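Chemist: Can you read through this structure? Questions will come right after.
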Amino acid sequence: MYFAVGTADAYESRSEICKETDRRSTIWNKRHELCTEKEHNSMNDYLSYVGIGLITLLPIINPITSASVFLGLSAHMSPAQRNQQINLTALYVLISLLVCFYAGSAIMSAFGISVPGMRVAGGMIVTYIGFGMLFPKYHEIEAQEKIASKHPSNVAFIPLTLPVTVGPGAIAMIVSDASAIHRTGGYRLIDHLVVLTVDIALTLILWMTLRSASRVLHLLGRSGTDAISRVMGFMLVCMGVQFGLNGLHGAFMASE
């Protein structure tokens, strides 16, 4: 009898242990599913933000224009000097993009500039740059090349980085977006990852374009380069107008 009671108690104990194990397993599975779903959504957001960043900034940075200017500036350089200038330009561009993003909110706060105001101003600048690409004035590019040719060994920062690659339009857009993110809750981990990914990707695209500048421009030809530049210019005009409209909408909403 005692053996039967002990057996029954042991059976009930094992049954309770199995139930507890099943319950914990169910909880773990639910947590695993939630974590997996959250990671999947985070990855989708990350890829979406990276795509938006590249689509937004690539036409403004316009590596093809930088390559055409670089060819004119490096005509009398040796291959070693040319490679050195390309590497320095890529480094300066990456640093400039990061500084614009992370110092953007501080700059706007120091000068009392609102996000809508920056968006309107940035939209005007981007639209102006877009019109310049749609209706290019070749004498301006030639003037930049003549100015820089006086110092052929030091063209990485000026004019290749500023203002050819990271110009007023790119600065205004990056600073405005950074300030908007900062004022809507601060930077998240995904924001830092997106910024680093986009900036590094843009820098690599620029570096590869400069390295193969002669081949790319020879392949496209003058007409192909002009066509791509005009398409990018049209995109910039559309982006600049939308940028300004968003700023005006934000200003009207803030005044109500």
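Each position is counted from 1, following the chain as shown.
Positions of Cβ are set from backbone N, Cα and C atoms, glycine also.
Per TrEMBL, transmembrane segment is recorded for 46-74, 86-111, 117-135, 155-175, 187-210, 231-252.
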Chemist: The transmembrane segment (86-111) and the transmembrane segment (231-252): do they have three or more Cβ pairs under 8 Å, with pairs 6 or more apart in sequence?
Modeler: no
Chemist: Would the transmembrane segment (86-111) count as touching the transmembrane segment (187-210), i.e. at least 3 C-beta pairs under 8 angstroms with sequence separation of 6+?
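Modeler: Answer yes, regions in contact.
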Chemist: Is the transmembrane segment (117-135) packed against any residues at least 6 beyond its ends, judged by a Cβ distance under 8 Å, and which are they?
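Modeler: Sequence-remote neighbours of the transmembrane segment (117-135) are 60, 62, 65, 108, 167-169, 172-173, 175-176, 179, 229-230, 232-248, 250-251.
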Chemist: Could you tell me what the rest of the chain brings near the transmembrane segment (86-111), counting residues at least six beyond its ends with Cβ under 8 Å?
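Modeler: Residues packing against the transmembrane segment (86-111) from afar: 61, 66, 70, 118, 156-157, 160-162, 165-166, 170-171, 174-179, 182-183, 195, 199-200, 202-204, 206-207, 210-211.
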